[in-house]
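Trainee: The structure follows.
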Amino acid sequence: MAAFFILGHGMLKPLVFSLVFTLSPQATSATPVEGTTSNEEKINEEIEKHDPQKEIEEASSDVVGVNPREKFSLYQPTYFIFGKDDLKLQFSGKYRVAKSYNLYLGYTQTMFWNIYESSAPFGDINYNPEAFYRLTENDTKFLRSLDIGMLHTSNGEDGDKSRSINRLFAKTNFASHIGRNNILGELKLQHIYSKANNNRNIVDYMGYWELKMIVTHILTIGKGRLDLEYRVFAGKKVVNFSSGGRELGLIYHFGSPNFNPSIYFQYFSGYAENLLSYDKKQSNARLGLMLFF
């Protein structure tokens, strides 16, 4: 059973915290001894272990959030990461309303917690409820899914600090592999159709599209692996990257059943990391844990 909580100011602050196979010279008998496994059977077992399609399905579910078999599942990344100025937290999930209609409700909350200040206030909290319909869904092809939906984003403030936008979007998730590396991505096109008076020019910084890419198995250390992620969006005039934002991430999965989280490093540079300071350029490096469920 899965559930998530909407955290506001003063609520639940303590929440943070090749195939490798060696053929033996002795294993050359055409008829395997009873109770033993033939070389061919062993090879088939190893191929199953390293099935690229199976790995893509698992990675698509864990990293991109494409999992048509679950009612409640991962959506955007869930993590908490420490920087020199604050602690950034994000949790996200989506719920499949009806199995036969591919209708989803999603929710993502991103918080910037000024833990180094005396009263440890939240600098900004961005609430992102949304609804979308999944037009296509496929476990085996390059195009994994195609969604259309509506997204509301606000920071729950009033007065001069109030920020909010409403968007229509269309996005596609795709996946492929080159050798051992799985390549996962998401391309989103968006239209901001309404916005608060305090952020009338926000489209100049958030733009009309966003691209996310993840390449798995950049480095393998024992049972663990290192994945690379990259997110980019352009601001004004569609291709003005100087007024948009870029985010680079490194995710180290331990590959151990005794420790489920992954180490996560994130570096963001640009505008619109949060709503309150959307028009101020920032560069932030943070390190912490990414959570999977």
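Cβ atoms are placed via backbone N, Cα and C, with glycine included.
Reproduced below are the annotations present in TrEMBL:
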type: BINDING; residues: Ser119, Ser162; note: Ca(2+) binding site
type: ACT_SITE; residues: His152; note: active site, proton acceptor
type: ACT_SITE; residues: Ser154; note: active site, nucleophile
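Looking at the shown structure, can you explain where the listed features end up?
Mentor: Taken residue by residue with DSSP, Ser162 (Ca(2+) binding site) is part of neither helix nor strand, so it is coil.
Counted within 10 Å of its Cβ, the other Cβ atoms near His152 (active site, proton acceptor) come to 14, all protein chains included.
Under DSSP, Ser154 (active site, nucleophile) is assigned to a strand (E or B) in the three-state scheme.
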Trainee: Cα-Cα, whole number of Å: His152 (active site, proton acceptor) versus Ser162 (Ca(2+) binding site)?
Mentor: 14
Trainee: Could you list the residues of the same chain, at least six apart in sequence, whose Cβ is under 8 A from the Cβ of Ser162 (Ca(2+) binding site)?
Mentor: Ser154, Asn155, Ala196, Asn198
Trainee: Fewest other Cβ atoms within 10 Å: which of the recorded positions Ser119, Ser154 wins that one? Let me know.
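Mentor: Comparing Cβ neighbour counts within 10 Å for the recorded positions Ser119, Ser154 gives Ser119.
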